[in-house]
Amino acid sequence: MSQSFNRHRRLRTSKAMREMVKETRLHPSDFIYPIFVVEGLEGKKAVPSMPDVHHVSLDLLKDEVAELVKLGIQSVIVFGIPEEKDDCGTQAYHDHGIVQKAITEIKEHFPEMVVVADTCLCEYTDHGHCGLVKDGVILNDESLELLAQTAVSQAKAGADIIAPSNMMDGFVTVIREALDKEGFVNIPIMSYAVKYSSEFYGPFRDAANSTPQFGDRKTYQMDPANRMEALREAQSDVEEGADFLIVKPSLSYMDIMRDVKNEFTLPLVAYNVSGEYSMVKAAAQNGWIKEKEIVLEILTSMKRAGADLIITYHAKDAAKWLAE
């Protein structure tokens, strides 16, 4: 038989051999776990559209984070659901808002936990949009000041990282200036630089009670059909002072992740969003897929595509599986 071909299978002959030449590895420290803290809630409450994800009360937050620490997960991103909402999202930037209280609670008990604060208005506005609204139009420049106030209040509460997710033009510049003015020059910005207008966000909007009450978010979030626009968005945020770049969603946007990783040297964060999570959970519950294998394959693929960190609701399960 001719020996002119390459025998690639030599490096696949055993589990040990495959492990030796593995190019991409997952570790619990790669994961950022999202937590939904609800004002006025007693105990925990399941999110129906996101199996195994819960709303958590402030008094149970310590136990929730303690579990993450035991699993080796070193970072959380905090979302808050207030009791009261208004057209200006006042509770987003209130010094005693639910997210501010949650951040302080986590840092008091777990000072080494890296707390990322989601900086947006949609969970706090009665209309569900990420900025101020006038005559049905989401106002850009007028919303920036409120976002800056939100970021500063979160930093004062103890946030390690500010993560603005609103997709208003200029948000990184305004937030950076506000943080620096208040003395928070060492607080990094994890920018939702590339955030598409996606139907994969559906379960999250249930969890965060942030579904728009009119229209959609297509005037400020990106068109899923666009690729080059992602690089323009990322470039703007790099120039404005971002320290991390997020691509959201990620499972259907790995080409975008690779483009961004190839173009920029900042740490890249993949957001493995709620719809991606819930599809896997639903299929696994029906016995159509092997959940463990699918989840680890998806997360590995995101890292292979260029992600340095992954925001994922699978974090706890994945950390347990990686420890087996």
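Using N, Cα and C of the backbone, Cβ positions are placed for all residues, glycine too.
Taken from Swiss-Prot, the feature Zn(2+) binding site applies to CYS120, CYS122, CYS130.
Residues or ranges marked as active site, schiff-base intermediate with substrate in Swiss-Prot: LYS195 (among others). A simple way to gauge crowding: the CB of LYS195 (active site, schiff-base intermediate with substrate) has 23 other CB atoms within 10 angstroms, across all the protein chains here.
Residues or ranges marked as 5-aminolevulinate 1 binding site by Swiss-Prot on the basis of similarity to another entry: ARG205, ARG217.
If you take the C-beta of GLU233 (Mg(2+) binding site) and look for same-chain residues 6 or more apart in sequence within under 8 angstroms, you find ALA193, VAL194, MET222. Swiss-Prot lists GLU233 with the feature Mg(2+) binding site, giving similarity to another entry as the kind of evidence.
DSSP assigns LYS248 (active site, schiff-base intermediate with substrate) to a strand segment in the three-state reduction. Here Swiss-Prot flags LYS248 (among others) as active site, schiff-base intermediate with substrate.
For SER274, TYR313, the entry in Swiss-Prot reads 5-aminolevulinate 2 binding site. Cβ-based neighbour count (10 Å, all protein chains) for SER274 (5-aminolevulinate 2 binding site) stands at 24.
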All-chain count of other Cβ atoms within 10 Å of LYS248 (active site, schiff-base intermediate with substrate): 24
Protein Cβ atoms within 10 Å of CYS120 (Zn(2+) binding site), excluding its own: 26
Local Cβ density at TYR313 (5-aminolevulinate 2 binding site) - other Cβ atoms counted within 10 Å: 26
Secondary-structure category, per DSSP, in which CYS130 (Zn(2+) binding site) falls: coil
